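The structure appears below as structure tokens.
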Amino acid sequence: MSGRRGKIINPRTRGAVRNVGFRNLISDPFAISSILIGLISWVITLGGCISVQVNEDFPRFTWWGIAFQFLIILMLIGFYIYDLVDYYRNFLTASIGVAFVYSTNSANYLIYGSGNQKAAASAGVVLLSMVNLIWIFYYGGDNASPINRWVDSFSLNGIRPSPFEAAKIKAYRRSSKQTQFRGSSVKLTHSTNNLHSASENLGLDNGFYNNPHTSNYVSSTALTEFENTGPPYPSASDLPTNNNAPLRSPQLGNNTIGDTYITATTNNNTNTTMGDTMGLYADLADESFPYRVKALYSYEADSADAYEMSFEQGEILMVSDIEGRWWKAKKESGETGIIPSNYVTIIDNDTEA
């Protein structure tokens, strides 16, 4: 895939094996620019502090702050190369917070001093403090936050997945499944009552239902047997001599079908039996795209991938399943394809687009 803004090209977004390499760092403009500024600020601070120590006493604790800041920069480079930033966001936020305290404390000592050496050192620690504050704001926020999404939209690796958003989607999916299950149970109960009424009208024995008025469910075995209760074609000895007379079905065990006729259009089942049975399963499969999502960003499908689908920012799509990082979606025009999950957000059915 080409490297357009906001385009997902890193295999990690498809759940593939983690991509390790220096490219992870240089393809992220925020990471490479902030780390370079941090390194330049660190070099200025180190040079200024060395020159200050030559001429006068220098706080020893400041040296530890400078060393700690260098460790933070090295860890950031390593985490980006091995694509581990999302796994250590909390650690990075806490560590950079400590480095921010060190740098601001050193700035408080150096900025009010006199001399060119202290001026250079104070400029370095002030720049480090600013970089640390930006890092705290970025790594302390979730990937789904507006600022993080905007920053990550410039990255060639695409927008990073959000653990918070993934947990929210799973909770929403779980509640939606429970709602659909309750709705299916009501439909199943209604269809079961219809099947029972049909069996009474046909003179069937109530062997499948112990108490149809109090039982809300019917076993799959009972449904299977009921679907197959249509009589087989009668033998020649069962055929009436009058060609105009209707064909009456033979007895099935102890069940006698009194007024059910075999016709060429019933496919060995009566119209009543087939209609009720097919209606039962048709209700359960009405919605193949039950979730509504709204596009947060525009997305251009890769021409080399026939399964991807393009969409515009703010467009409303229907989604069949919300598991994984690529979802099958459907447009209002009927076009279907897969879309990246971190480019859309789930909306309620009663929410205005």
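Placement of Cβ uses the backbone N, Cα and C atoms for every residue, glycine included.
According to Swiss-Prot:
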DOMAIN    288-349  domain 'SH3'
TOPO_DOM  1-29  topological domain 'Cytoplasmic'
TOPO_DOM  51-60  topological domain 'Extracellular'
TOPO_DOM  82-90  topological domain 'Cytoplasmic'
TOPO_DOM  112-118  topological domain 'Extracellular'
TOPO_DOM  140-353  topological domain 'Cytoplasmic'
TRANSMEM  30-50  transmembrane segment
TRANSMEM  61-81  transmembrane segment
TRANSMEM  91-111  transmembrane segment
TRANSMEM  119-139  transmembrane segment
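When each of 30-50, 91-111, 119-139 is checked for Cβ pairs under 8 Å to the transmembrane segment (61-81), 91-111 comes out on top. Beyond the ends of the transmembrane segment (119-139), by six or more residues, the same chain brings 30, 34, 37-38, 40-49, 51-52, 69, 85, 89, 92-93, 96-97, 99-100, 103-104, 106-107, 110-111, 113, 147-148, 151 to within a C-beta distance below 8 angstroms of the stretch. Long-range contacts of the topological domain 'Extracellular' (112-118) within the same chain, counting only residues at least 6 positions beyond its ends with a Cβ under 8 Å from a Cβ of the stretch, are 48, 51-52, 54-55. Sequence-distant contacts of the topological domain 'Extracellular' (51-60) (same chain, at least 6 residues past either end, Cβ-Cβ under 8 Å): 106, 109-110, 113, 115, 117-118, 120-121.
On the 0 to 100 pLDDT scale, the topological domain 'Cytoplasmic' (82-90) averages 90 in this prediction. Across the domain 'SH3' (288-349), DSSP helix (H, G, I), strand (E, B) and coil residues number 3 helix, 26 strand, 33 coil.
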